[in-house]
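Undergrad: Below: one structure in structure tokens.
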């Protein structure tokens, strides 16, 4: 709702999307990661708070007449409220009273009781052993004011029948049957008062302490002191007892002025106010309304849950939400009881519905955010990202509703005001349990794959009928999915506001909701007397008469209703201001401050604190054991909060000089060549092994310098193109990685420049490897290990080739082997694609606009998509490997042509001819700033994937076009050397510029990049400036981090260098960087994930299964261009 109010300033009703570096995003995201990593701790905190707040409820609430405790809500509407002076109502009964005071809080003493008895007898006549039933049936005759006999008085008592002249009274002296002798004989006044607190009068009204005393003090749920004795006469309009009371009250000052100070001094109470007392049970209309409210809420919950296909245990989610609502509601009852907020005026069934309506808003928004989080990310990062995206809107909604309720509490009637305070407290507790209990349970569900296993099944239910599903989505579907703003942002506020109005209407009866509400909100100060008499200010009453009336026990109201209006649920009373009697010489100054909290709270602390502490400890310990047992399987998967996102493995002692060339494979092989002509093969699988294939003078004579290396797709053969100093022609040497033996060497035609491309021919068999060499002059040469004879140099491309890539795709039916193409680009920007036809390579120029610039372009090939990427100056072209047509042009920042990296994830419903991308990431270097830009494309909220299609193809109904995709760009300044891994993350090593500032202050990273190696000291050593960094795609700043490359204490093992050597991507999540004479293998996570192992194939499936819409499942693949 707050976003609608801010529309004139913001121009939109949508909630703002904060940057990941914003404190309102980053702080909740950091907390979310912590909560997900420490599930047991988070659950224990919420359980401890819930136990602390729920356990005292039986000690703080009562449905009996126990004093000092709060009243439990019942199935009734109850209120005691003043009516406007303009209200036209004939009172059902008239109330007159006297208040008798001694010294402050010393009303319970024998002398004051005897003096009060004298005043009572002066007003009512002799009341000793008062038994009006003895006058039943007595003929009254004519009654004259002041001449009425005791028998006539008793005959008019309501116990003898209800008439317009009936009367009855309440008095604490009835505990002793108004007998002076019994009072004098009582050895313990307090025991008598507490033992007879449930005693009934002749009118069948219980003598509760609340109606005969004011300003009470309780200990151990027993009355220990009172400030005032209250004697109240209740009579009907024509009762002569009321006239007698009024006339005798005027004579009292003359008779007792030497003993009492009287307010008002003449004994004439002129100020009066109409009060309404209600005890209205819930009607069928009320129950039907609440049933409809709960039913609609439950229906909305079930239908929203049915749309949430990524949740396996729907019953578990329902139990979790119900538990959260229960915790929030009961915790709020405890807090309200502690601060003496009376919640008994509104039926108990009404309390949870408002909290439920507003809680579902935050819960579903959080679940949807988790579903939308990249599935390949870690559980803690997904939870952190989702909580960061939703916490600030939930907090804003909570604060908004609390402020609304605080404002309403000052405008509505007293009973509704207390409900508003309860709702405000409950909303705060609901937010707290959302941040602790629900967040922890949700992270367990995600870790147990309950938000992932159903993704594939949910996706397979959708039939992709192109073009028709756009019209099938109705407004109701969007409402249930939370995509209609009203359904998730103002529905809870509307329910809350509507219920407050309904409750206000209940307390105003049939006089009209609008008129009475407006009258109360706008004109209450003009029509209802709010101030107490100024004459009573010096008395320092512990409780004012108006406050005393409002806190009257609701059972008393019901009993009075049963006497004067048996068929009604309320009565109207004209309440006269009491005549106050203060014993002369009394000290009315309070010497101690009265306790502000509920008396039962102090009793609980005094008597139950030790047991309470033990129970809380036992509950927390038992829950700890239970969670350890239930979550023991998750211990191995639980991330450490302080553990880095990256890990580094040093491959050392393999070379004596700097590494100058390096290549790798996806199954964990790394081949490195150093300046001293040592060629070493490393395997990072398992614990890691390495061996030398050439070294020393022999290698220098036959293999060095190595111009370029390549490993075939099956990691069986290594090919090295070298040009020894004594050789006339370059040589291609083959090394068998499986057998660890040399194969044949083949001479190839000489070339002045380094070849534009060097790769294995995928059509050759493992036993007959063959390489293809694309030279800068446009010629193509092949070399076969079987014949040891090079092929002829064929002029396939025009001169000036700067880059070439080999592409493979599944062959057409009847075609033997894969379909192979070579894409090449010239210095002038001409793009040529060559294909083999009858063993001869032929090329054709592709008509691509925008590449005719004199810059060096770059090419990448995405094999699963059979798609080439070609970099331009401000765009990237997606070119089909089938026919060379441009499928899409992606606009970028002005970029350097190389390096260009790409990663993507396919939708599980993708087919060879119909491919959807759940996300697509590009990595390139901005030309002006030289910063790396991580450019990510994801489908919008209402789509499942980006349709990879030809320009004229019809877009799939649940997929979107590139033009409507959502784009995010993340910049990393001073990137150094970097590469992209399969989940779209960038891994880099850089050397920070020389600076005297701590590294945490250097502006060399992306905003929000966490620096785990911030230097706190003064100067920097030669290795302190080298650091690793990683950046994740999209807005996931929680997955961005930088840390030291060389750990403290390991500097002596490294050479001092000024720049890095070559780099190569290894497997799915690792990049190898040459650092002097060693290789630094940087991994996202603790271990390298390699292709070819069952464990990592499963992890690959899990890593890249999810789509941006979380509808992806098993079978989706994520790839990166290497």
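Every residue, even glycine, has its Cβ placed from backbone N, Cα and C.
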Undergrad: Using TrEMBL as the reference, determine which range in 287-303, 372-388, 457-473 is annotated transmembrane segment.
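TA: The listed stretch tagged transmembrane segment in TrEMBL is 287-303.
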Undergrad: Please find, within the list 34-55, 56-77, the residue stretch that TrEMBL describes as transmembrane segment.
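TA: Feature transmembrane segment in TrEMBL: residues 34-55.
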Undergrad: Of the residues in the repeat 'WD' (652-685), how many are helix, strand and coil by DSSP?
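TA: Counting residues per DSSP class in the repeat 'WD' (652-685), I get 0 helix, 17 strand, 17 coil.
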Undergrad: Within the same chain, where does the transmembrane segment (315-339) have neighbours whose Cβ lies under 8 angstroms from its own Cβ atoms, ignoring anything closer than 6 residues to its ends? I mean 6 or more beyond.
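TA: Result: 46, 49-50, 53-54, 56-57, 60-61, 69-70, 301, 305, 351-352, 355-356, 359-360, 363, 418, 421-422, 425-426, 429-430, 432-434, 437-438, 441-442, 445, 450, 596-598, 600-601.
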Undergrad: Between the transmembrane segment (612-632) and the stretches 34-55, 287-303, 391-412, 419-442, work out which stretch tops the count of Cβ pairs under 8 Å.
TA: 34-55
Undergrad: Which whole-number mean pLDDT does the model give the repeat 'WD' (652-685)?
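TA: Averaged over the repeat 'WD' (652-685), per-residue pLDDT gives 91.
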Undergrad: I need to check the long-range neighbours of the transmembrane segment (419-442): which residues 6 or more away from its ends have a CB within less than 8 Å of a CB in the stretch?
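TA: Long-range Cβ neighbours of the transmembrane segment (419-442): 31-32, 35-36, 39, 42-43, 45-47, 49-50, 320-321, 323-325, 327-329, 331-333, 335-336, 341, 343, 345-346, 350-351, 354-355, 358-359, 362-363, 366-367, 370, 383, 387, 391, 394-395, 398, 401-402, 405-406, 408-409, 412, 496, 500, 503.
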